C-alpha cells in the first residue's frame, strides 16, 4: 500500500512518500523535486508541470497557473475580480455561478472548473509517485492553507476524487510543518509536564500563515493560527514589476502592461532578481533582449532600494505574529523556538522582522520548501495500517467560529447558538438536543464574517426530515450530531428521534411534558476531546467504527444529562429512530456532475497517453534517419555497396523531408510502418557490421577450445598420470569431436575470407556459438572426470587394537603404556580444532 503526501502549492507542488527508510521527497521526470503548478492546453494534448511552465509565454492564453485560490469561489467574488487582471488566460462564470477557466483544447473552446484543473495537476503528481513506487497510488494526504473555509475545502476534496485519489485527510499546511518538526524530536517534555510552545511561520508565494503549537512527548496540539491571505512572495515580485514597468515606460516609451507576454517575461525576470537580491546586497542588473517591439531593455536594482519600496508589505509581517500571542495569551518568553518555512522567508527583511518581534534567533531546522509535503506523508503513514509509526496524536483547531441558526416558533423568530468557537479543538463532535413536532432546518454559518477571507459567511443548510410529535401530541426529543471532521469540514452527521413508549400505569410527568417555550430550547451535550483524539490516531479503515463508538458514548452521556429523577420511578421505554438529513451545501458539486468530471479526466489522460505514443513513434523515425545517415558514411561504409548506399541515403533524405512536410502530423501507425520500411533496408547492413565485430572473437574462442582439447588428447596418448584414469573409448570420442570442429572452423574461415563484406556472411555468430556449445557439451564431461580416490588399508590398525588386550597390557599397563593411553584419551589441541577448520 502506497503512502503519499502532497503539497499543493500556489506556484509549485511537492510529493513525498513514506518508505521503510523514512520519508523521501521524490523527483519528477526532469529529476526535479519541485513540480510547477501549471497546465498548458494544446491542440492534441495537455502539458502539466515543468513541460507546461516552458509554454507560459509561447502559449500564454491556454497556460493556466495561479488557480489554487479559485476553489469554492463564485465568479462575482471580489478576490476573483482582483485576480483576473493579473492572468493571461480567461476566467469565466460557469452556469453554477462558480469561477471557470476558459481555454482552447483539442481545437475547441472549453470551460473547466477549478476542481477539474486541480485534478489534472493531482493526476500528474499521482503519476510521478507511481513511477517511483512502481505501484498504484490511491491513499494520500493533501495540504491546504489553514484559512480555507468549508466551501474551499470541499472543492479540494472533489478535485482529489476526480483525480482518482482517496484523500485520508486535508491537512493544514502549518499543522503539517509542525508534525514534520515534532515527530522526530526525542527531547520533548513528558505528558504531565509543561508543553513546549513553538511558533511556525510559513510565507509562501501567495499567503502568509502563522501557528503556535504545544508539544509534549507523542502529542501535538495547535493552540492558534493567524494569517494574511494575500501577503506572499508574489507581492514582492509585483513591486519590482510595477517599478520596471514605470521605468521602462519612461525610458523606452513602452506600455508593457498592454502586452501580456511582455508582462509575463518581466515577471519571470523580476522573480529571478528578487532571489538574487536575497543573497547579494550590491547593484544587480536586469536585462531583457527583444523585450517588446524589438527593443532591448535594461535596468538595475539593489536590496536597499527594494526594501524601501516594500515597506508597506513588511509592515504586514508583524500583525499575525502579534495575533497568535494574543489569542493564546502567551508571552514572547514562553516561546521555545520560531521555525520558518516557505520560499518568501528567504527574504532577509522578512526574517529580520520576525526575529526582531520575538527577540530571538530564528530556527531553520526544516527544509523550507519540502516541510509541508513531508508532514503530509507522515500523517498518511500514521493513518495507514501498512506502516508502524511512533504514536503521535494531532489536535488541530477550527479557524473561524461556527454557529447554527434555526426557526423557533415559540419565540416567533429564529434562534442561534455558537457550536464551535474560534480555535476550538478539531476534529470534534457535539450532540445537540432539540424538541420538535415537525421537520426543521439548521443553518450553519461563520459567526465572525469580518474575520473571514471569503465574502459569504454561509456554510450549509441541513434539513432534519420525518420529525413527528409523540403519541400524546407533545414535542419529540431530537438528537443532532454536528462535527468538524479531519478535513476541517463542518457537517450535521446524524439525527435521531427519541420515541417514548408509556406503560398503562399512571406515570409521573416526563421531560417531554414541558411548556412550549422550553421545548424550543437547544441542549448541547458535553464535549469529548479524548474520543476524537483516539479517532485521530486510528487507521483510515477504522474511521467509521470510531465514529460509531463516539456517537454511542455521546448518546449515553446525553441520556444521563437529560433524564430527570422522576423517570426512574416511571415505567417508560424509549427507542431511537434515525432521521434522514437533506444537505444544501454552498457551491457543492452534485454527484452526477462529479462522475462526469471523473469520466472526462480519464478521457483526457488517455488522449495524453496516445499523443505521447504518437510523438514517440515519430521521434523514433527521425532518430533512425539521423543515426543511419551518419553511420552509412562511417562504420557501416564497408558493409554496403556504393549503389545500395546511394539509394538508401536518398531514401533517408526523402523520409526526413516527409517528416517536416506531409508526415508532420500523422497517426502513430503511419510512423510505425515508415520505421519498419527503413529498417528493412538498414537492418541487413547493421547485421553485417555486428557480425564482423563478433565473428573474429567467437572464432578465436573456438580455436582456444580446440587447442585445449588437443593438448589433453596428446597428454592422454603419452599416458600422463593426470589423465590415465580416463577411458580410451571416451577419449576417442573427444578426439573425433575436436577434429570435426577444427575442420568445420577452417572450412568456414576459408569461405568467409573469400566473401565480400557487402554480402551477407557465410557463417553467423549464432552458428559459431552453437558449435562451441556442442564441442564443450561432448568433451568437458569426459576430460573433467575426477580420478578415483585410493583409501589406505585398515587391516594393520585393526590388528594393533586386538593385540593390546591379548598381551595382557590392558589389565596392568606400565608407565609408558599409561602415558600412551592418556595421549589417546585426551586429544591434542590441534586435533580438537580440525573439525572446525573442516567445517569452515
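Note that Cβ sites are derived from N, Cα and C of the backbone, with glycine treated the same way.
Swiss-Prot has this to say about the protein:
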MOD_RES   76  phosphoserine
MOD_RES   89  phosphotyrosine
MOD_RES   336  phosphotyrosine
MOD_RES   415  phosphoserine
MOD_RES   430  N6-acetyllysine
REGION    500-575  region 'Disordered'
COMPBIAS  514-533  compositional bias 'Basic and acidic residues'
MOD_RES   538  phosphothreonine
MOD_RES   546  phosphoserine
MOD_RES   647  phosphoserine
MOD_RES   660  phosphotyrosine
MOD_RES   679  N6-acetyllysine
MOD_RES   756  phosphoserine
MOD_RES   773  N6-methyllysine
REGION    783-840  region 'Disordered'
COMPBIAS  788-799  compositional bias 'Basic and acidic residues'
COMPBIAS  829-840  compositional bias 'Basic and acidic residues'
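A map of Swiss-Prot features onto the structure.
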| residue | record | DSSP class |
| --- | --- | --- |
| 76 | phosphoserine | coil |
| 89 | phosphotyrosine | coil |
| 336 | phosphotyrosine | strand |
| 415 | phosphoserine | strand |
| 430 | N6-acetyllysine | strand |
| 647 | phosphoserine | helix |
| 660 | phosphotyrosine | helix |
| 679 | N6-acetyllysine | helix |
| 756 | phosphoserine | coil |
| 773 | N6-methyllysine | helix |
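Taking the Cα of residue 336 (phosphotyrosine) as the reference point, the closest of the modified residues 89, 415, 430, 660, 773 is 430.
Each residue contributes its Cα atom, and for residue 756 (phosphoserine) and residue 647 (phosphoserine) these two points are 20 Å apart. Comparing the modified residues 89, 336, 660 by how many other C-beta atoms lie within 10 angstroms of each C-beta, the top residue is 89. Taking 76, 647, 773 as the modified residues under consideration, the smallest Cα distance to residue 430 (N6-acetyllysine) is found for 76.
The shortest Cα-Cα distance between residue 415 (phosphoserine) and any of the modified residues 76, 660, 679, 773 is the one to 76. Across the fold, the C-alpha of residue 89 (phosphotyrosine) and the C-alpha of residue 660 (phosphotyrosine) stand 31 Å from each other.
Here the candidates are the modified residues 660, 679, 773, and by Cα distance the one nearest residue 647 (phosphoserine) turns out to be 679.
With residue 660 (phosphotyrosine) as the anchor, the candidate modified residues are 76, 679, 773, and the one with the nearest CA is 679. Each residue contributes its Cα atom, and for the residue listed as 'N6-methyllysine' and residue 679 (N6-acetyllysine) those atoms are 31 Å apart. Note: the Cα of residue 76 (phosphoserine) and the Cα of residue 679 (N6-acetyllysine) are spaced 60 Å from each other. Cβ neighbours of residue 679 (N6-acetyllysine) (same chain, under 8 Å, six or more residues apart in sequence): 624.
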